[in-house]
Amino acid sequence: MSEELSADTSYTEDDFYCPVCQEVLKTPVRTAACQHVFCRKCFLTAMRESGIHCPLCRGSVTRRERACPERAIDLENIMRRVSGSCRCCSKKIKFYRMRHHYKSCKKYQDEYGVSSVIPNVKISQDSVRSSNRSETSASDNTETYQEDTSSSGHPTFKCPLCQESNFTRQRLLDHCNSNHLFQIVPVNLQLDEETQYQTAVEESFQVNM
């Protein structure tokens, strides 16, 4: 792949990955001041979270950029010409087709459990403690409820956002902070924050039954 790049560009393979979701860029956009590139959806989500700063370097971003970021057309064109290796099966794929490949790559599915998503809602330790209370409630009210257990006999849990399973409580927290930090999740405004999280966790338990 380096030979393909060196022929007409100074880009490296890392330049084709979004620094927010850590996946191959999808509809790449570029900041005017610092020239950093992100997936369009990742950038707009980060703007709603952080306001006026670049998600990578905290540089300034104009109001116009926050609403309508400039597409990195030059990078899109290069991604259509240059191939990279799938991170799981090592198959050579054009970068602009890489995310589509992930959806059918069995090794990718086995490794990550779900095709690439943008990632995310940050889950705090307080939320995890809330989930502990919901576990007790679920076990009291559901006669057929049974926790999954790992080979070591400890209970395991399924991520309520991407459905990946076999997490301990701490690994579930780490997974959500790593993979779902900026994911937008539909919110029922009639429920308070703790009730929303408890509902998601209880649904996860029911899937594991």
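Placed from the backbone N, Cα and C atoms, the Cβ positions cover glycine too.
Other Cβ atoms within 10 Å of the Cβ of Cys86 (Zn(2+) binding site), summed over all protein chains shown, number 16. DSSP gives Cys86 (Zn(2+) binding site) a coil state; it is part of no helix or strand. The Zn(2+) binding site annotation in Swiss-Prot covers Cys86, Cys89, His101, Cys105.
Taken from Swiss-Prot, the feature domain 'UIM' covers 189-207.
Taken from Swiss-Prot, the feature phosphothreonine covers Thr142, and the record attributes it to similarity to another entry.
Residues or ranges marked as region 'Disordered' in Swiss-Prot: 125-154.
In terms of DSSP helix, strand and coil, the zinc finger (18-58) has 11 helix, 8 strand, 22 coil. The feature zinc finger is assigned by Swiss-Prot to 18-58 (among others), with sequence analysis given as support.
The feature zinc finger is assigned by Swiss-Prot to 86-105 (among others).
Sequence annotations record features per position, and here Swiss-Prot assigns zinc finger to 157-180 (among others). Counting residues of the zinc finger (157-180) by DSSP class, helix then strand then coil, yields 11 helix, 2 strand, 11 coil.
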Problem set entry | Among Cys89, Cys105 [binding-site residues], residue with fewest other Cβ within 10 Å | Cys89
Exercise. Which of the three DSSP states, helix, strand or coil, fits His101 (Zn(2+) binding site)?
Worked result: helix
Problem set entry | Local confidence of the zinc finger (157-180) - pLDDT mean | 76
